[in-house]
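As given in TrEMBL:
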- Leu12, Gln13, Gly14, Arg27, Thr90: substrate binding site (BINDING)
- Cys31, Cys46, Cys49: [4Fe-4S] cluster binding site (BINDING)
- Phe48, Cys49, Asp50, Gly92, Ser133, Pro134, Lys135, Gln178, Pro179, Leu180, Asp181: S-adenosyl-L-methionine binding site (BINDING)
- Thr51: Mg(2+) binding site (BINDING)
- 18-215: domain 'Radical SAM core' (DOMAIN)
Amino acid sequence: MSYAVKEMFLTLQGEGVHAGRRAVFLRFAGCNLWTGREQDRASAVCRFCDTDFVGTDGDGGGRFADADGLADAALALWGEGRDGRYIVLTGGEPMLQVDDALVDALHARGFAIAIESNGTLPAHPGLDWVCISPKAGSEVVQRSGNELKLVWPQPGQGHSLADVEDMEGWAFDHWLVQPLDDPKAADNARAAVELVMERPRWRLSLQSHKYLGLR
Ligand SMILES: C[S@@+](CC[C@H](N)C(=O)[O-])C[C@H]1O[C@@H](n2cnc3c(N)ncnc32)[C@H](O)[C@@H]1O
Ligand SMILES: Nc1nc2[nH]cc(C(=O)O)c2c(=O)[nH]1
Ligand code: SF4
Ligand SMILES: [Mg+2]
């Protein structure tokens, strides 16, 4: 299969349990919960996305004809040294494109593979770290994994506290609340802190790359 990649770059993982870890980010083009066009945002299932995932025109992006070519490009970004090789598959929605060939090609090059997914498609079983971020109004089929990362608050038709309680029945190792980044970011951060104070299994995840001026 060929792969449509918006961009690929080397940075630190900004979010979640692995925040601060050196990582190649592979951002796939396309998502099943929003077209990525501003004129469609208000009618999309997921309306708060902070990411441009349309097309293949970003740094390190393109159409990759096969998994080996894509994995070679990822390794070139990582550079020399086998220690700590780590790649985050994101998007857009990566599970629209991740397949056996890509997982095998990345593992063959020594990468541990993480994914950031909305959970509406089953996660590939060969992944080393599965982060699921549920979106109100979508059906989450992937209810197990390493970390559940809930963007909070989700106003309007977003998740309620009853939805949070439902999620607490799912099978994750780590439970993270990430403040919604929008014009009310300061209020959202307070609401996220409040949720953690009320429900101690949850921990705060900050999008540290945004504070650090990283991608
Ligand atoms: C851009 S998404 C791509 C991966 C996948 N489609 C997903 O939603 O998990 C990467 C992460 O950013 C989070 N995110 C997107 N927009 C956000 C925002 N405005 N504020 C906080 N987190 C956001 C998502 O919930 C997800 O955890
Ligand atoms: N530095 C950095 N960390 C991230 N963690 C998850 C991200 C994403 O967009 O999936 C992201 C991102 O875009 N940049
Ligand atoms: S599901 Fe993920 S990539 Fe898709 S629109 Fe929502 S946050 Fe963005
Ligand atoms: Mg991001």
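Backbone N, Cα and C define each Cβ position, glycine as well.
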Which of these binding-site residues (Cys46, Thr90, Lys135) have a C-beta closer than 6 Å to some atom of ligand 2?
Thr90
Name the residue among the binding-site residues Asp50, Asp181 whose Cβ has the smallest number of other Cβ atoms within 10 Å.
Asp50
Gln13 (substrate binding site) and Phe48 (S-adenosyl-L-methionine binding site), Cα-Cα, nearest whole angstrom:
20
Determine the minimum-neighbour residue: among Gln13, Thr51, Thr90, Ser133, listed as binding-site residues, which Cβ has the fewest other Cβ atoms within 10 angstroms?
Thr51
For Leu12 (substrate binding site), what is the tally of other C-beta atoms lying within 10 angstroms of its C-beta?
16
Filtering Arg27, Cys46, Cys49 (binding-site residues) by proximity to ligand 3: which pass a Cβ cutoff of under 6 Å to any of its atoms?
Cys46, Cys49
